[in-house]
Amino acid sequence: MSKFIDRVVLHVRAGKGGHGCASVHREKFKPLGGPDGGNGGNGGDVVLEVDPNVHTLLDFHFHPHAKAGNGKPGEGGNRDGKMGSDLLLKVPDGTVVLDRDGEVLVDLVGAGNRFVAARGGRGGLGNAALASKARKAPGFALLGEDGEERDLVLELKSVADVGLVGFPSAGKSSLVSVLSAAKPKIADYPFTTLVPNLGVVASGDTTFTIADVPGLIPGASQGRGLGLDFLRHLERCAVLAHVVDCATLEPGRDPISDVDALEAELAAYKPALAADAGLGDLADRPRVVILNKTDVPDAAELAEMVTPEFTARGWPVFQISAVSRAGLRPLTFALADLVREYREAHPKAAPKRPVIRPIAVDESGFTVHPDPDEPGGFIVRGARPERWVRQTQFDNDEAVGYLADRLARLGVEEELVRLGAEPGAPVTIGDVTFDWEPQISAGVDMVRTGRGTDVRLEQSDRVSAAERKHASRVRRGLVEDDEQR
């Protein structure tokens with residue numbers, strides 16, 4: 001039997017984007033073929049998908065690192081790099097994804113639901129994509145971006161309609177085994193059940209699931225016993241059923257005190273998904289009291305004594321015996337009625353046809369602030385300038401000049417001048433710090449330098465038709481050579 005794991009920490013890393021290619025087309029009789037470097041492929045995503053055939057997070061317990069494929073670099077001949085392969089991870093129904101700070105990112109309920117845990121990096125553009133009228137043959141390309149990388153916490157919260165709560169050895173597992181076809185481990189010692197057991201119960205035309213949660217003890221909401229680890233499996237339950245051991249001989253225990261102690265723990269526990277599930281706190285869920293083991297001598301008499309107390313609280317009470325199966329039929333009908341009422345009050349939303357709409361993303365904004373750690377320095381923050389820096393190959397002068405042009409067009413340079421930045425001031429963008437040299441005053445010279453232009457366009461050794469005609473006339477003596485005049 002596989003080990004049940006309901007909480008893991010998963011480190012996900014998406015694939016890196018491939019670098020763009022800086023290449024010039026080479027073909028016979030075409031000395032100026034132009035740039036033909038392809039773009040790099042995007043990195044693969046790490047995706048979580050609900051699979052109804054998966055029931056535990058065991059795979060992630062033994063393999064806590066997940067990495068998607070990297071994108072391939074672009075090649076000459078306008079060949080784009082291959083995209084990195086996505087990594088699809090199967091998770092059980094009811095998996096909750098949280099970040100390291102405990103914030104819920106997504107609640108995966110329903111077969112086929114997906115969540116992109118880490119997005120792959122964008123591939124860099126090749127020099128063919130960077131070519132323009134002013135930059136006919138760029139001698140550089142853009143680098144691919146790194147993919148997202150982060151730690152996620154996966155918690156499994158059972159998807160059941162009815163949750164059985166009670167002290168250890170109250171008979172919860174036995175009840176699940178007789179109400180459904182489930183075969184949980186049953187033994188006569190505390191904490192026999194260490195993992196939640198799910199069973200499917202059919203009553204008339206209603207079918208519902210029932211969950212046997214490991215035994216709770218006072219202090220469970222603070223982590224005593226196994227309660228803190230398994231109370232979360234009750235968060236999705238629409239009905240809570242107290243299973244009370246009427247045959248216990250433990251000193252200081254009786255059905256009323258047992259239920260009161262468990263109610264205190266349920267009231268102290270605050271479900272993280274209460275608002276999302278629409279069920280409210282555990283203390284507000286419908287209750288059913290199941291007085292078990294009434295086939296034991298004196299247990300039936302005790303059950304009769306405590307029944308009025310629970311009835312006065314407005315809770316239905318059922319006296320049963322999981323061993324002899326006495327009283328199970330009315331209990332099953334009552335649970336089915338409560339589940340049916342909940343489903344009628346909370347109908348499932350009809351599946352909507354997915355409509356894909358582009359999301360407008362404004363990356364034009366940026367901020368410039370003085371650097372508190374560097375006198376006279378500045379820090380530039382913004383999605384676009386930081387991405388440009390990550391894509392720049394700083395050992396290529398053309399690439400650095402292209403970055404400077406882009407920052408100037410975005411308005412970063414004007415903002416630095418407005419804030420009083422001096423030439424040579426250290427400016428930090430992302431993880432890169434450089435000495436700033438203003439280019440606004442040299443804007444005309446910047447255009448004349450032909451940055452990113454193939455030098456062969458300016459230095460051509462080809463002889464024109466007029467020059468060939470003049471040379472022929474010189475050889476025949478029809479005209480004098482210009483150099484001999």
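Each Cβ is built from the backbone N, Cα and C atoms, and glycine gets one as well.
These come from Swiss-Prot:
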BINDING   166-173, 191-195, 212-215, 292-295, 321-323  GTP binding site
BINDING   Ser173, Thr193  Mg(2+) binding site
COMPBIAS  457-469  compositional bias 'Basic and acidic residues'
DOMAIN    2-159  domain 'Obg'
DOMAIN    160-340  domain 'OBG-type G'
DOMAIN    358-438  domain 'OCT'
REGION    64-84  region 'Disordered'
REGION    457-485  region 'Disordered'
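Look at the domain 'OCT' (358-438): DSSP puts its residues at 29 helix, 16 strand, 36 coil. In three-state terms derived from DSSP, Lys172 (GTP binding site) belongs to a helical segment. Under DSSP, the residues of the region 'Disordered' (64-84) split into helix, strand and coil as follows: 0 helix, 5 strand, 16 coil.
A distance of 11 Å separates the Cα atom of Ser173 (Mg(2+) binding site) from that of Gly166 (GTP binding site).
Around Lys172 (GTP binding site), a 10 Å sphere centred on its CB holds 31 further CB atoms from the protein chains shown.
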